[in-house]
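Annotated signal peptide per Swiss-Prot: 1-28, in sequence order, evidence recorded as similarity to another entry. For N89, N141, N207, N219, the entry in Swiss-Prot reads N-linked glycosylation site. Marked as Mn(2+) binding site by Swiss-Prot on the basis of similarity to another entry: E155, D157, D168, H173. Under the heading Ca(2+) binding site, Swiss-Prot lists D157, Y159, D165, D168, citing similarity to another entry as support.
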Amino acid sequence: ATSNSKPTQVLLATFLTFFFLLLNNVNSSDELSFTINNFVPNEADLLFQGEASVSSTGVLQLTRVENGQPQQYSVGRALYAAPVRIWDNTTGSVASFSTSFTFVVKAPNPTITSDGLAFFLAPPDSQIPSGRVSKYLGLFNNSNSDSSNQIVAVEFDTYFGHSYDPWDPNYRHIGIDVNGIESIKTVQWDWINGGVAFATITYLAPNKTLIASLVYPSNQTSFIVAASVDLKEILPEWVRVGFSAATGYPTQVETHDVLSWSFTSTLEANSDAATENNVHIARYTA
């Protein structure tokens, strides 16, 4: 569900403020924090896979663009080079994290689009799977959607209404994916062609909740989805974080441009550090 009212934005802003206060006050043993306001070609802090690159204007282009036009069957990923410790095998502690980024998806023909992009966490040595992976957003293929993947992702899926992807709902959507392309929770996404989207994804370790939210400031619409996800049961102790995107048929192409990105994670030394008030976030889901 969606909302175009200010109360939703106030709730979101209040939650995010509260989350960062939580991160700043816990006794942490490991943390990673970075902000990239403008990407540069051959960005040293990023690992590029497939056809991902940085343009001369400082935009992270996850899929191939030639002469300003998106190209068919393009797959690309960009990951932050430094691994993130998402949980501690000795103490059992699990990290909370928050990531925010702005991005644009622009299609020559907005009525038929594919395939979308995703933010994901995966093993440090994760690579683009072999085979045709466009409809799997460069994260999976038709033979590896199982627990061996060790991948958690939030997808921004632009392809819908086709039997080719029977797992998808009949609308563009934001989905939470665990080890496979079929989302465990989705919310309808009223994508704006060429609009700048502001996305925030947070994970609250004390109650194992992953929350994804997206706002289009240009028309004051927001979208929020949340699900229970146990990162310690799904991911290895160390992961890399990044983006993946893909395009499909020649008539169903789009750009996948990330304009800025920030990330903060804190591995709590005491998993009971959060109070009851810190985990009441179900009210923000639609």
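Just so you know, glycine gets a Cβ as well, placed from its N, Cα and C.
A separation of roughly 9 Å, to the nearest angstrom, links the Cα atoms of H173 (Mn(2+) binding site) and Y159 (Ca(2+) binding site). E155 (Mn(2+) binding site) and N89 (N-linked glycosylation site) are 28 Å apart (CA-CA, integer value).
In this structure, N141 (N-linked glycosylation site) belongs to neither helix nor strand by DSSP; it is coil.
N141 (N-linked glycosylation site) sits 16 Å from D157 (Mn(2+) binding site), taking the C-alpha atoms as the reference points. Looking at Y159 (Ca(2+) binding site) and N207 (N-linked glycosylation site), their Cα atoms lie 32 Å from each other. N207 (N-linked glycosylation site) falls within a helical segment according to DSSP. In the structure shown, across all protein chains, N141 is the one of the glycosylation sites N89, N141, N207, N219 with the greatest number of other Cβ atoms within 10 Å. Taken residue by residue with DSSP, Y159 (Ca(2+) binding site) is part of neither helix nor strand, so it is coil. Comparing Cα positions, N207 (N-linked glycosylation site) lies closest to E155 out of the recorded positions E155, D157, N219. DSSP classifies H173 (Mn(2+) binding site) as strand under the three-state reduction.
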